[in-house]
Amino acid sequence: MKAGDVISVYSDIKGKCKKGAKEFDGTKVFLGNGISELSRKEIFNGLPELKGIGIRMTEPIYLSPSFDNVLPNYLFLQNLPSAVVTHVLDPQPGEKILDLCAAPGGKTTHIAALMHDQGEVIALDKISNKVEKIKQNALLLGLNSIKAFCFDGTKALKLDMVKDAEGKPPFLRESFDRILLDAPCSGMGQRPNMACSWTLKEVTSYQPLQRKLFTVAVELLKPGGVLVYSTCTITLAENEEQVAWALATFPCLQLQPQEPQIGGEGMMGAGLSFEQLKQLQRFDPSVVPVRDTDIASLGDARIEDTIWLANKDCIGFFIAKFIKCKST
């Protein structure tokens, strides 16, 4: 392979293709054709430090254009449910908002934008380089209301009553008008994702951490305040079961209807009532009959049907909205 050659690109589903192999008969998925920017020798001699574009795709099988670095001072790319969740939170100018697990900052910056950059948005994440990314995104978008801290969200509750004048974590009880807990999760709703190597132990390890963070969020929320819980996964244990647990554990919380309601209702199996399931939003791309859809026929479809299809053909995601009725 030389620079300028036409190349067919495949994904090695099981990660079995050995570096330097000239033939491969394992499980693979065709992604399209492109032009090599580098020779085979340049690629292998440059690894692992070499970064950038190796193949410039000219005939990808997925036709969505790249929006990377398009108007970066004005636009921030997000999946549809990630944009919906901030509207469900409905932050208002002048409020104090906490984004408990904030990196890389897409929802944080969206919150600040919806508030017209008036108020205070506190963003926490325990990984320092991710916090730097939040700060960079806020600077790029010209948002001054965001304060990002490298801090473990499970320790964000201040246990003594001495007030911290600097506004840094940990925080006193009932300090925030609204809280977004976009919780760490198994991420099984993420797309594109051609292969999954998670073990059952890994998938089931998130529920206890999510409950720790949720407990802190309830304590930090003011009476009358709004708490939105979301994940980018599809498991019952991390979604509806967490809602059932929260309602049983915190009598001060009430489940609330959501606006906008674009996703489907919640999944049965966690003991929630039909009314409660209707108040949840679950985005599940498996309901979309994409494999059986003739793309050419979409030109004749009603606009409502096209929008329905587009709105459902997204990542897997879950949203629950609570209001805190009284002090804890």
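Cβ atoms are placed via backbone N, Cα and C, with glycine included.
All annotation found in TrEMBL is predicted automatically rather than curated by experts.
Residues or ranges marked as domain 'SAM-dependent MTase RsmB/NOP-type' in TrEMBL: 1-325.
Summarising the annotation, TrEMBL assigns S-adenosyl-L-methionine binding site to Cys101, Ala102, Ala103, Pro104, Gly105, Gly106, Lys107, Asp125, Asp152, Asp182.
Non-local neighbourhood of Cys232 (active site, nucleophile): Pro81, Ser82, Cys185, Gly187, Gly189, Gln190, Ile315, Gly316, Phe317, each in the same chain, at least six residues away, with C-beta under 8 Å from its C-beta. Residues or ranges marked as active site, nucleophile by TrEMBL: Cys232.
Within 10 Å of the C-beta of Asp152 (S-adenosyl-L-methionine binding site) we count 15 further C-beta atoms, all protein chains included.
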